[in-house]
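Peer 1: Pasting a structure below so you can have a look.
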């Protein structure tokens, strides 16, 4: 009985709870709340009597709240859709850019990536942009529908010719245009400039070829000396670095500090063994600079050796190749005569070159003018000294010739010079007529062959020039013309005289020919011509 009562009470309670809970109807678009998943409580449960009790203001507020709630739910749904769409968008674009960056790293890895030693590196690449690639990039940037595969192919074809950055890229362009290294072009232009300067300044006409070649050899030797010293220094420095790398195992052994026991042990071991001390070699490499291993004398010796032996090496190499090619097609029995003929040809060439050495001076440039033979009038002035004002640092062959005294000449000197030049010209032309030929026009060697005549006392008539202030040995133009006429008139009578008298007269005139010499003797003139003496050009 009690059990039945308990069962009835439980059923009543269950039915009461079931009446409170609403039935969930998803098809009810008005009362079903999709956000919470429950049914809204309806206000129509109490019957028509309760609906009549609700005021119209409360119903409008409930409708407004429902609209706001729905708006919030819709906004939340839109945001969730946008986020989902962005995730899908990123999931499609990330692989494209991942592959693009991976390609850049692969191309840069071939040339070298930055590390601890090189913080940053620069690379150069060419960008190839086609029309299809441009359209795919524009679609991606504008947010239109795009295809990941097409964009991936477009980005993969953009970068080509990936290479390291070079700050001297202009050299590449220069070589592409001209096909020549700029350094070689500079050296060729420098040589052309030297040739232009040599020709334009006419140095080759002022300086002898022998002097030019000598200077070229000296300059080449000095340049080779500096060149060989730098080469030897670099070789010594490289050897020094290699020795330091080989002494690396002794760093810990030789660099540590030793006390007196360690130094004593080192001395004991070095005294009882013939092995070299590695620490000595180690400290020599650390202290001695390689520059002290290349003295100038070593560079000088090597330069002189190369200056002499290098040309001989090339000559010997060429001669060996020539003999090898010559003997290749000649039978063995004829090789010995051919070698003998070659030896004779070389000896004859050397002999001919030695004989032709004196002839080479004609190619050395303009020779100096040989000393001119002294004319009879010049022997009268042999007390005058020549002085030369050289120019051109020993290369130019010009000088100024004049007397040892004052450079300026007086009127008598100019007159005497004009007379001397006219007479010398007639003498060399072969015109030896009695009208122009004088004793002072003959060479001294011819005059010395005649017997000497003892001169007599000077005539007082011949010293009138000294009293009037004129120079001895000179006469006025009037006296010279009169004397010439007198002599021309006396030539027939002189032709009848004996040869001995003529020679004596020539000897006497030649002795009076120098300036300031003795005047002709009156007795000698009378003995020669039988008439009174007249003025002569020499006195």
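Cβ atoms are placed via backbone N, Cα and C, with glycine included.
The topological domain 'Lumenal' annotation in Swiss-Prot covers 19-184, 237-329 and rests on a curator's inference. Sequence annotations record features per position, and here Swiss-Prot assigns transmembrane segment to 185-205, 216-236, 330-350. Per Swiss-Prot, compositional bias 'Basic and acidic residues' is recorded for 364-389. The compositional bias 'Polar residues' feature in Swiss-Prot is assigned to 475-485. Annotation comment: Swiss-Prot describes 476 as phosphothreonine. Look at Swiss-Prot and you will find 512-521 tagged as compositional bias 'Low complexity'.
If you look at the structure here, what lies around each of the features I listed?
Peer 2: The average pLDDT the prediction assigns to the topological domain 'Lumenal' (19-184) is 73.
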Peer 1: Same chain only, please: residues at least 6 beyond the ends of the transmembrane segment (185-205) with a C-beta under 8 Å from a C-beta of the stretch. Say none if there are none.
Peer 2: 178, 212
Peer 1: Are there residues at least 6 beyond the ends of the transmembrane segment (330-350) whose Cβ is under 8 Å from a Cβ of it, and what are they?
Peer 2: 323
